[in-house]
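A.B. asks: The substrate binding site annotation in Swiss-Prot covers H101, R102, K117, K124, K125, E126. Sequence annotations record features per position, and here Swiss-Prot assigns region 'Disordered' to 326-345.
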Amino acid sequence: MDHVKLVNDPIDIAHIHQLLADEGCGASSVFVGTTRDNFQGKKVLSLAYEAYDSMALKEMNKICSDLRSKWLDLKHIVIYHRLGTVPVCQASVVIAASSPHRSEALESVSFAIDQLKTRVPIWKKEIYEGDNDSEWKENKESIRPKKSKSGFNYAACPCKVEESHDVPRTLVQIRVNDAELAKRLECFVNRKRDEINSQNVIDFKSSFVSSDKDLSDSCARTQSTIIKQEQSNCHLKVRRVNNRCGPQQMEMRPNYELELNKLMGSRDGQTDPTKEMRKSLPNSRLQAIESYMGLTTDNEENIFSRIKRVENRLLQLESISPEYRHFTKREPSSMEAAPPKKIRKKSYSAQELSAFIQKVKDGSEFS
């Protein structure tokens, strides 16, 4: 069993031994980290520990899982860390493990100590005696990235400015004194703050409030009404729309086009655009196209403008749905000439060619 805890009181070592006790275990290894009274010649009075509790517990549980994956015979694992002020000689951390054999217990505890120092977000502050200031200690074993040593050191390269040098007025964008500049900055910050507050009211505050209440001092923090949506990390409500018809069904319904063809097949013979075209005036062909496209017909309008509107309508229909094809079926025109038929040339044998040549020589072919 895993026992992971962050405590603010002194750690009871006897209680740790009770957690490790098991009839099937022949070895228990316990590490106790305590506060020492000196550091580099300075007298240490105590240590102060702070932690990111939720993340620290999560990492400590991960360490327990890693231990069990490496040493399968481990029975009980204990990781206790104390927070707050820890005086000299008192325990700040206890790591213990029990197993049937001593090798697994010793190796697992040693591994857990190194992982705790490397991965768990716990910070230590040393409090010294006398005039020495307290100091937060850097964890040199941490795997978190540190500042790059190759970064540019601006302090080592000070910029010298000659006060006597006059800057051209063309290079100065703002020509006001410090008071006016501070006033402008304050106005800008206040305006951005008002914009954020108004947006928070729109996103978070309830619109169903009584008009008799004074809401001049209200804000989203005190009167927030939005409830977090289930299975979502967003506070705004999200809806999923499933279109039962249209081009989006092409992927979800493989037979959509076939079903559409069957459904619209009965309507194909209801109207015959060619009959109307033959009966109407010379521009009747364009009028028929406009009627099928759902466009209003104006005979006084320029014909090129009407054709342009028809083209735009076709592009729109092509972009939104394939159904338009059933309303604009192209029929072959009776005025179009039929394509020429292919004529297969006759093949002659050698005897037929010889007879034909002989007839030409005799002149009987032309007589």
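Cβ atoms here come from the backbone N, Cα and C positions, even for glycine.
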A.B. asks: Check R102 (substrate binding site) against DSSP and tell me helix, strand or coil, would you?
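C.D. replies: Where R102 (substrate binding site) sits, the three-state DSSP reduction gives helix.
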A.B. asks: Among the binding-site residues H101, K117, K124, whose Cβ has the fewest other Cβ atoms within 10 Å?
C.D. replies: H101
A.B. asks: Let me know the largest Cα to Cα distance in Å among the substrate-binding residues H101, R102, K117, K124, K125, E126, as an integer.
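C.D. replies: Greatest Cα-Cα span of the listed binding residues: 38 Å.
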A.B. asks: Run through the Cβ atoms and count how many others sit within 10 Å of the one on R102 (substrate binding site).
C.D. replies: 12
A.B. asks: What are the sequence-distant neighbours of E126 (substrate binding site), meaning same chain, six or more residues apart, C-beta distance under 8 angstroms?
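C.D. replies: Listed in sequence order, they are F39, V44, L47, S134, E135, K137.
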A.B. asks: How many neighbouring Cβ atoms, not counting its own, are there within 10 Å of the Cβ of K125 (substrate binding site)?
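C.D. replies: Its Cβ has 14 other Cβ atoms within 10 Å.
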